Amino acid sequence: MAINAQEISALIKKQIEDFQPNFDVTETGIVTYIGDGIARARGLDNAMSGELLEFSNGAYGMAQNLESNDVGIIILGDFSEIREGDVVKRTGKIMEVPVGEAMIGRVVNPLGQPVDGLGEIETTATRPVETPAPGVMQRKSVFEPLQTGLKAIDALVPIGRGQRELIIGDRQTGKTSVAIDAILNQKGQDMICIYVAIGQKESTVRTQVETLRKYGALDYTIVVTASASQPSPLLFIAPYAGVAMAEEFMYNGKHVLIVYDDLSKQAVAYRELSLLLRRPPGREAYPGDVFYLHSRLLERSAKVSDALGGGSITALPFIETQAGDISAYIATNVISITDGQIFLQENLFNSGIRPAIDAGSSVSRVGGAAQIKAMKRVAGTLRLDLASYRELEAFTQFGSDLDAATQAKLNRGRRTVEVLKQPLHKPLPVEKQVVILYALTHGFLDDVPVNDILAFEEALYDYFDAHYDNLFETIRTTKDLPEEAELDAAIQAFKDQSQFK
């Protein structure tokens with residue numbers, strides 16, 4: 001058989017064209033240092049900031065420092081199996097967490113992995129932990145109230161859907177209790193809640209989860225926990241993982257309440273990472289970009305425009321102060337980023353005023369826009385009355401000769417303080433808050449002994465539930481007060497038949 005050279009040439013060319021290489025090209029580096037949740041690797045010249053990197057044992061890290069001769073990597077999870085000389089490769093991806101309805105009711109770590117022993121989470125949707133915040137034109141003014149169920153907040157420092165309201169105070173002043181009560185009050189409000197525990201004891205997180213489960217709040221809540229025993233990178237990433245889960249709901253037109261408990265511990269974890277990565281320290285040894293650490297997180301909370309679905313993320317970040325010093329570095333940073341702050345004072349807490357909210361230092365920059373009309377009408381002057389009472393109370397310690405008007409202000413002030421007290425885990429619906437504040441501001445409590453105020457309040461609610469439920473219904477549906485004469489008559493009828501005369 002004759003062999004044709006042209007045929008052989010064509011056959012070889014075809015085989016070359018059809019050749020499929022069966023190997024992957026990946027950029028790899030070698031670990032030169034490992035310790036304290038930090039690795040350094042040489043050879044990853046094209047790595048991007050924030051890129052996910054995979055170690056040879058299956059662990060993941062995130063590129064943080066891109067230097068001329070190596071890359072500084074924070075390790076996400078356990079680093080005990082990583083050794084110097086191990087291979088680390090680029091993935092070309094940034095860190096993502098699982099999101100979606102399947103996450104609700106679960107307790108997860110900052111990587112989105114379940115830690116509640118209830119099995120795997122059935123979801124395929126993911127979102128990057130770092131995404132840009134909505135722009136100016138993508139936002140909408142905050143106008144819908146977020147009812148916390150706490151009279152002292154809903155009346156004095158109202159919070160709206162899409163607002164960022166800082167909760168600041170010393171340790172053991174009831175910060176977490178305020179947030180848990182706000183979550184409990186969202187039952188039936190078509191609200192999804194996310195509780196991010198940063199650097200808390202695992203026993204404390206367990207207690208909070210059991211509280212949420214006991215009151216049925218876990219049915220609409222996701223808990224993200226990075227406990228004190230976990231490496232610093234997980235504490236640093238936890239709030240971003242939480243807000244990524246929240247954004248999935250917000251961009252689908254839903255409303256989310258997210259609690260960061262607390263950002264002081266995140267800042268400390270970030271300081272630790274930055275110093276280990278040899279970044280230059282600044283004030284209080286924090287790195288220069290610690291403001292950006294919190295601003296890029298909190299700016300992702302917003303009320304988005306109708307074109308984007310009209311959803312919202314409301315953020316309640318916590319900051320722990322030392323001896324009530326709200327002028328500290330991290331505290332002033334977060335105060336300047338947020339739309340107001342609720343300041344909890346240790347001396348008020350210890351004197352039995354709980355929630356221990358200092359009305360003078362607390363403010364909401366959204367204000368009346370986030371209140372229903374009925375609450376605006378009954379709570380309009382409450383803050384000023386309380387401030388003048390505190391001033392008079394301090395003044396009267398120097399003398400006892402008081403005119404009748406001053407005495408009346410002091411009496412009203414004492415009753416105001418009592419009315420604003422509230423038992424733990426007993427949030428009140430807004431219509432009940434409106435009725436008791438109306439009774440207070442219209443003088444119905446002036447002749448009730450201060451020690452009987454809480455009993456009066458409970459009895460008033462029971463009486464209205466039994467005889468005047470239509471008034472509660474009017475406030476609920478119209479968001480406004482019923483006829484004043486009708487409300488006056490109902491409260492007077494209760495006083496006439498009770499022992500509080």
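Counting begins at 1 with the first residue displayed.
From the backbone N, Cα and C atoms, a Cβ is placed for every residue, glycine too.
Quantities reported herein were computed from a predicted structural model and do not represent experimental measurements.
What Swiss-Prot says about this protein:
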BINDING   Gly169, Asp170, Arg171, Gln172, Thr173, Gly174, Lys175, Thr176  ATP binding site
SITE      Ser362  site 'Required for activity'
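DSSP classifies Gly169 (ATP binding site) as strand under the three-state reduction.
Comparing Gly174 (ATP binding site) with Ser362 (site 'Required for activity'), their Cα atoms are 15 Å apart once rounded. Cβ neighbour count for Thr173 (ATP binding site): 26 (other Cβ atoms within 10 Å of its Cβ, all protein chains included). Counting every protein chain shown, the Cβ of Gln172 (ATP binding site) has 12 other Cβ atoms within 10 Å. On a Cα basis, Gly169 (ATP binding site) lies 11 Å away from Ser362 (site 'Required for activity'). Around the Cβ of Ser362 (site 'Required for activity'), the number of neighbouring Cβ atoms within 10 Å comes to 22. There are 24 other CB atoms within 10 A of the CB of Lys175 (ATP binding site), with all protein chains counted. Take the binding-site residues Gly169, Gly174: by the count of other Cβ atoms within 10 Å of each Cβ, the lowest one is Gly174. Long-range Cβ contacts of Thr176 (ATP binding site) within its own chain (separation 6+, distance under 8 Å): Gln208, Asp261, Phe318. Same-chain residues with CB within 8 A of the center of the Gly169, Asp170, Arg171, Gln172, Thr173, Gly174, Lys175, Thr176 CB atoms, the ATP site residues themselves not counted, are Glu320, Leu344, Glu346, Phe349, Ala356.
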